Amino acid sequence: MFPQSRHPTPHQAAGQPFKFTIPESLDRIKEEFQFLQAQYHSLKLECEKLASEKTEMQRHYVMYYEMSYGLNIEMHKQTEIAKRLNTICAQVIPFLSQEHQQQVAQAVERAKQVTMAELNAIIGQQQLQAQHLSHGHGPPVPLTPHPSGLQPPGIPPLGGSAGLLALSSALSGQSHLAIKDDKKHHDAEHHRDREPGTSNSLLVPDSLRGTDKRRNGPEFSNDIKKRKVDDKDSSHYDSDGDKSDDNLVVDVSNEDPSSPRASPAHSPRENGIDKNRLLKKDASSSPASTASSASSTSLKSKEMSLHEKASTPVLKSSTPTPRSDMPTPGTSATPGLRPGLGKPPAIDPLVNQAAAGLRTPLAVPGPYPAPFGMVPHAGMNGELTSPGAAYASLHNMSPQMSAAAAAAAVVAYGRSPMVGFDPPPHMRVPTIPPNLAGIPGGKPAYSFHVTADGQMQPVPFPPDALIGPGIPRHARQINTLNHGEVVCAVTISNPTRHVYTGGKGCVKVWDISHPGNKSPVSQLDCLNRDNYIRSCKLLPDGCTLIVGGEASTLSIWDLAAPTPRIKAELTSSAPACYALAISPDSKVCFSCCSDGNIAVWDLHNQTLVRQFQGHTDGASCIDISNDGTKLWTGGLDNTVRSWDLREGRQLQQHDFTSQIFSLGYCPTGEWLAVGMESSNVEVLHVNKPDKYQLHLHESCVLSLKFAYCGKWFVSTGKDNLLNAWRTPYGASIFQSKESSSVLSCDISVDDKYIVTGSGDKKATVYEVIY
């Protein structure tokens with residue numbers, strides 16, 4: 001078939017110089033395979049060797065990074081210590097005699113003069129120590145010596161800190177570590193140290209200069225832009241004045257809340273002094289104003305005039321909006337300073353500053369006292385108050401904080417720290433004695449521990465103040481229920497499906513399981529048409545609702561009927577009921593009467609069985625212990641009283657200097673939170689004289705409710721704020737700003753939802769985020 005192909009002779013003669021046979025080809029292929037196999041084996045050995053070297057280099061990388069990081073930490077720690085000691089010296093020297101002042105000043109100046117020879121010795125010692133440390137980790141990468149006159153590339157001369165930084169740069173440079181965030185931080189930090197006159201200034205320490213210099217940096221300009229945006233967001237409340245409804249008169253017996261006072265805005269998660277913002281003398285105050293109820297409330301005259309504004313509530317989970325009437329820190333003006341309730345002995349501001357300056361962070365884990373970029377002091381109240389406080393107290397984060405530290409905070413705590421956030425310059429002046437509020441350049445605290453003898457001390461928050469199971473992160477508004485009248489009472493069903501809102505002459509029922517529903521599922525007309533509902537309570541079975549308000553009768557509604565209906569009415573001698581409470585067994589109802597009595601009703605027989613008499617003015621709020629044995633009531637006579645329900649007698653009485661508008665008893669026992677007309681929230685221990693006093697509200701506290709887990713509670717006020725607090729010391733968990741006075745609130749049994757009723761004729765539903 002293939003005669004030409006089977007005739008090999010011409011091909012061999014013409015094109016092939018050797019004989020082509022199959023065995024030879026196989027031998028040649030075998031030789032080539034063996035050669036490739038040997039080459040593969042050689043490459044494999046080389047690859048394994050490179051992998052081993054790579055592992056070794058990674059070990060060196062980690063070792064030198066840790067050394068460099070540790071040196072950076074130590075350098076900043078020593079720098080901060082030097083600044084604080086310099087500040088203390090500057091404060092103490094004026095107390096010396098003139099002769100000693102000069103001697104001490106000269107000694108301080110001599111101590112600042114570090115010669116190049118001393119720096120060379122320091123650098124040499126540090127390098128030798130680093131080499132000794134590296135011997136235990138395999139052959140060290142050789143360290144390049146840095147003469148005293150030469151600086152590492154890209155880093156400006158750093159004065160007295162050159163030795164440490166030169167060493168850390170040598171370590172990182174030889175192992176090819178380009179840690180840009182660290183270098184930026186060093187440049188920013190030491191640029192301030194290099195300012196002319198800084199090292200020779202005794203009376204104006206470096207820590208006081210840093211903030212003025214930072215004002216020219218990009219972080220400060222960004223902060224100003226952020227503030228302007230916040231100001232625009234907040235100023236639209238004021239522009240809604242033309243759209244506000246007519247004044248609504250609410251008949252509320254014997255109430256007399258004062259009008260909102262000038263109160264400050266500050267970072268609620270911090271409770272201490274902000275050393276970074278000492279003496280910002282040139283800081284310009286950007287105009288900002290916040291909406292608060294435009295009218296005053298009068299319970300004494302039986303009228304509560306609410307000038308409300310129709311605007312969407314704005315949730316601010318961190319910082320209240322700044323007020324334009326607040327003084328800039330560093331100035332002597334202190335408008336809005338209110339006299340304190342207690343009068344503790346005067347505290348020497350010099351001693352205070354020294355003590356505050358020498359404090360260390362309360363909650364910084366890890367091998368070093370504070371991460372780089374942080375100001376390592378806890379202030380008077382422990383600014384490092386949250387999980388993220390290990391790297392930044394969330395609101396007091398240094399603008400030079402590196403990305404590595406931020407990432408570490410996220411990994412460790414699951415929350416992204418608010419990098420670059422700077423609190424507004426308008427500092428709050430809370431209701432505290434001037435000697436506590438007036439710490440020079442200090443950021444006012446808002447949580448104070450008050451001892452039995454009236455001593456007030458800012459509270460250092462523990463490291464788990466804002467973390468842990470059952471502690472929310474923030475709250476998100478998910479629904480608005482347009483009731484149509486001022487909502488003075490709200491309650492949530494169990495399980496969470498229906499919300500009941502009490503307004504003028506009726507209670508409306510809303511189904512919140514379908515967020516799209518914008519209209520109530522039913523309306524319960526009760527009391528008189530023009531009388532406001534002041535309280536409504538569901539029995540645990542969810543089938544009975546009790547309603548009280550500006551009438552002498554309480555309405556009992558049967559919700560299990562095909563159409564809700566009134567199944568009974570309870571009539572008392574008092575003209576109004578301000579608050580209701582139900583016993584855990586659902587057998588008894590307690591009503592706070594405008595005449596000061598506490599009426600006890602038998603719900604089964606629908607009769608009045610007892611009255612607790614003691615309040616000399618209207619009883620405004622009430623709560624009952626979980627075991628049903630103890631009742632707590634607050635009154636317009638400035639007292640909080642506890643009652644033994646088994647024996648029918650008064651147990652305790654707490655006297656205050658302000659009317660009591662709201663209270664709540666912690667479900668887990670021991671703590672009672674009280675909301676005041678004076679804008680304070682006080683948390684009392686039921687068996688001890690000690691208490692906590694909280695100062696974030698700017699006007700009277702109108703309602704208060706504990707979460708069912710007992711770990712936190714919320715309060716609302718005439719200042720349009722909803723505040724969430726940690727039990728009992730009052731670390732601020734989150735804060736929401738609504739568009740009008742927030743008159744009432746409730747928390748669902750599963751602690752997942754909060755409902756508030758406000759003066760702009762609506763209720764707001766929040767989802768609690770954990």
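Placed from the backbone N, Cα and C atoms, the Cβ positions cover glycine too.
What Swiss-Prot records for 178-196 (among others) is compositional bias 'Basic and acidic residues'.
What Swiss-Prot records for 209-246 (among others) is compositional bias 'Basic and acidic residues'.
The compositional bias 'Low complexity' feature in Swiss-Prot is assigned to 257-266 (among others).
Among the features that Swiss-Prot reports, compositional bias 'Basic and acidic residues' is placed at 267-283 (among others).
What Swiss-Prot lists as compositional bias 'Low complexity' is 284-298 (among others).
The compositional bias 'Basic and acidic residues' annotation in Swiss-Prot covers 300-310 (among others).
Annotation comment: Swiss-Prot describes 269-450 as region 'SP domain'.
Among the features that Swiss-Prot reports, repeat 'WD 2' is placed at 528-558. Sequence-distant contacts of the repeat 'WD 2' (528-558) (same chain, six or more residues past either end, CB-CB distance under 8 Å): 250-253, 485-486, 488-491, 493-494, 500, 502-507, 564-582, 584, 586, 589, 591, 601, 603, 606.
Residues annotated as repeat 'WD 5' in Swiss-Prot: 696-726.
If you look up Swiss-Prot, you'll see 737-767 marked as repeat 'WD 6'. Looking just at the repeat 'WD 6' (737-767), the mean pLDDT is 95.
Under the heading motif 'Nuclear localization signal', Swiss-Prot lists 225-228.
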Residue distribution over DSSP helix, strand and coil in the repeat 'WD 2' (528-558): 0 helix, 19 strand, 12 coil
DSSP helix/strand/coil residue counts for the repeat 'WD 5' (696-726): 0 helix, 18 strand, 13 coil
